[in-house]
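Visitor: Okay, handing you the structure first.
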Amino acid sequence: MRYTVITLFPNLVRPWLEESLLKKALERGLIQVEVVDLRAFGLGRHRTVDDTPYGGGAGMVIRPDVAVAALERALPADEVVLLSPAGRPFTQKVAEELAGKEHLVLLAGRYEGFDARVEAFATRILSIGDYVLMGGEVAALAVLEATARLVPGVIGDPQSHREDSFVRGLLDYPQYTRPPEFRGLRVPEVLLSGHHQEVERWRRQEALRRTLALRPELVARAPLSLLEARLLAEMDREE
């Protein structure tokens, strides 16, 4: 899978690719990432990339001619993703859709963002949350990480991402490791029992409990299994 990240600050992106699983995936040729400096397409001697907004207002806006010149150099691509707080929510489902593509272009803005006409050249406009960052680089890296980890071979155990939060529509169950007791807090006995069916039941139950407590809106639209539906009914009776 190939990525092109277009940004005014390439040195914010490159170090992220030099650590951990992304570094290994790059070294093994499982993914390719090109980081494009938007300023290389700037205008004039000073490589100008932005201008004041029509109609007045604070801040500067990235020019469409500069942004599209950088974008067209990266084409062809399966998807052109513009990162913006005004975009549709980036979810695990969207990550799975994008992970099936061969080439993604990620447009990371700055200042007041891109001239609105740049949206005409994007296939998707995505947001990673209802808040505003100083630039789109963190959002672009979130999309890159969430999709790259779904590429076969990037994560050693394929079961790992099949059990992630949101894959089944619920949050993940709580995880524990050694020691079995820490400052009076014990690991649930069922996890030490070696009884696989009971462990699975506990995990499904705690995933439901955690989701109800932290993200109750997810439960209403999650495709619950028969076991999860029974567990949910039991929890309702307990209340």
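Heads up, the Cβ atoms here are built off N, Cα and C, so glycines get one too.
Sequence annotations record features per position, and here Swiss-Prot assigns S-adenosyl-L-methionine binding site to Gly109, Ile128, Gly129, Asp130, Tyr131, Val132, Leu133.
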Visitor: Identify, in sequence order, the residues in the chain of Asp130 (S-adenosyl-L-methionine binding site) that are 6 or more apart from it along the sequence and have a CB within less than 8 Å of its CB; answer 'none' if there are none.
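Guide: Sequence-distant Cβ neighbours: Pro85.
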Visitor: Near Tyr131 (S-adenosyl-L-methionine binding site), how many other Cβ atoms are within 10 Å of its Cβ?
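Guide: The answer is 7 other Cβ atoms.
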Visitor: Could you check the binding-site residues Val132, Leu133 and say which one's CB has the most other CB atoms within 10 Å?
Guide: Leu133
Visitor: What's the most sparsely packed of the binding-site residues Gly109, Ile128, Gly129, counting other C-beta atoms within 10 A?
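Guide: Fewest other Cβ atoms within 10 Å, among the binding-site residues Gly109, Ile128, Gly129, is found for Gly129.
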Visitor: Going by DSSP, is Leu133 (S-adenosyl-L-methionine binding site) sitting in a helix, a strand, or coil?
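Guide: Reduced to three states, the DSSP call for Leu133 (S-adenosyl-L-methionine binding site) is coil.
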